[in-house]
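Colleague: Sharing the features that TrEMBL gives for it:
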- 237-258: transmembrane segment (TRANSMEM)
- 238-448: domain 'Cation efflux protein transmembrane' (DOMAIN)
- 305-326: transmembrane segment (TRANSMEM)
- 341-362: transmembrane segment (TRANSMEM)
- 397-416: transmembrane segment (TRANSMEM)
- 422-441: transmembrane segment (TRANSMEM)
Amino acid sequence: MLPGLAAAAAAHRCSWSSLCRLRLRCGAAACGSSDLQEWQNLVTFGSFSNIVPCCPLNQVKSYSTNVQKEGRGSQTHKMEKVPSFDEAAENIGAELKAPLIKQEPLQVRVKAVLKKREYGPKYTQNNFITGVRAMNEFCLKSSDLEQLRKIRRRSPHEDTESFTVYLRSDVEAKSLEVWGSPEALAREKKLRKEAEIEYRERLFRNQKVLREYREFLGNTKPRSRTTSVFFKGPGKVVMVAICINGLNCFFKFLAWIYTGSASMFSEAIHSLSDTCNQALLALGISKSVQTPDPTHPYGFSNMRYIASLISGVGIFMMGAGLSWYHGVMGLLNPQPIESLLWAYCILAGSLVSEGATLLVAVNELRRSARAKGMSLYKYVMESHDPSTNVILLEDTAAVLGVTIAATCMGLTSITGNPLYDSLGSLGVGTLLGVVSAFLIYTNTEALLGRSIQPEQVQRLTELLENDPSVRAIHDVKATDLGLGKVRFKAEVDFDGRVVTRSYLEKQDFDQMLQEIQEVKTPEELETFMLKHGENIIDTLGAEVDRLEKELKKRNPEVRHVDLEIL
């Protein structure tokens, strides 16, 4: 029976699993012990390996006996009915003749991914460089730059809308063409650096010689524009105060030498300190109007605050300190006072002159406060004009000091007790100490970077927020730089859709649609996006410039605007 089974399997190319199923279906009733032994030999030595192909495992069916325990462990075996050998052979033939299912080809969709680009140092050769830097850093001439590609870019300066730049790679290639090698270029740079150092040393020597020449023959140079600041505004007030306080100081010292009064000595010291401090203020005013340079890009306007601060310290040390010292010495060692007639005359003249200077300072402050739309008190407290503030406070202290000194001297002359005169000296010193403390505080606040008024900040913020291209404003800082100059800084969240639409309004849509239709590969898409992406960034920069110009136009006090893009 087993040879017949092997022949049937070979004829129909039955699989191993089909033969297993056939053998299981036949069961023990279909074959004897000899056939089983021969079957095991075929399985053991792999006789079917050459004639049986692989078949799916779901074709294999297993049958087992149902064992139930009854009573004393008796077992009942139930065998299922299996088909005969001929029926099994027919089933196998039908399965082998069945047509195979046609499988559809597998389609895999591959996602196009742009390869990540590594930007190395060579990529910076696409950077732009100005003509001045090209000539200074690469030792080129203007005629050399005429042969290079010129690119018009948006200018960072307010007075020009665009300027010419060059590709750094072109400039480097031109420098190598001119000088032959990087070593030759490095040697030329070194020689030029040495020549620049020598030029600066020679310029310093020439300036020294010119200064000596002026001292010997006189200065014939036309009057500088900086001297005009002393004929108007705070400069005029300071010059008037210097002249008046200088005369008062001279006459008060004469009166003190004649009378020996402690109060008169305090007033003489007071006038001397005022004169020195106002000379310091004049120096600060002259320095504050200097034009900015690379070392000080925001100018020298803070020199007025620095001079006023030093003036406050000088009033405290020189005026208040000496007045307290002389008053304490008068209390400890009282001395008789001579005739006070000349002292009264000098104090009266000082009262008139100091009052005149005070009126000049008050009028100047009122005019400046009116121009700012502020009250006089607020303008003085915020120290918008430090030089005039110093004159105002010094002259106010001078008028009050003259009144205190005259009162104490009068009590001394009536009672004959010199202690009143010493108390007058202490009173003048205390007054000067209060003035100096106020000046030190207000000028220190200004030098630390004081913010402008909240109303002004709100007006500037609303101007930006009302612009269509701006979504939000963050981290707003508006700092008073002095002399009516304001620096404004803000983090701006731009609306990218509005900026892009602003760019698209300037483009030819038909040409852009044609370019889009020509895009077929990721490389062409990358080229298209890079082209328009760079132009959109330039449009964003133009929007920043536009907002900065509007801020400065509507708020003349805003001189420096820093808008940072979020």
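The backbone N, Cα and C atoms fix where each Cβ goes, and this holds for glycine too.
Explain the structural surroundings of these features, please.
Modeller: Here the transmembrane segment (305-326) has long-range neighbours at 262, 265-266, 269-270, 272-274, 276-278, 280-281, 283-285, 287, 383, 386-387, 389-390, 394, 422, 425-426, 428-430, 432-433, 435-440, 443-444, 446-447, 482, meaning same-chain residues at least 6 beyond its ends whose C-beta is under 8 angstroms from one of its own.
Away from its own ends, the transmembrane segment (397-416) comes close to residues 245, 248, 261, 263-264, 266-267, 270-271, 274, 337, 340, 343-344, 347, 350-351, 354-355, 357-358, 423-425, 427-428, 431-432, 435 of its chain (Cβ-Cβ under 8 Å, at least six residues beyond either end).
A Cβ distance under 8 Å defines the sequence-distant neighbours of the transmembrane segment (422-441), meaning residues of its chain 6+ beyond its ends; these are 262-263, 265-267, 270, 273, 308-309, 311-316, 319-324, 326-331, 334, 389-390, 393-394, 396-397, 400-401, 404-405, 407-409.
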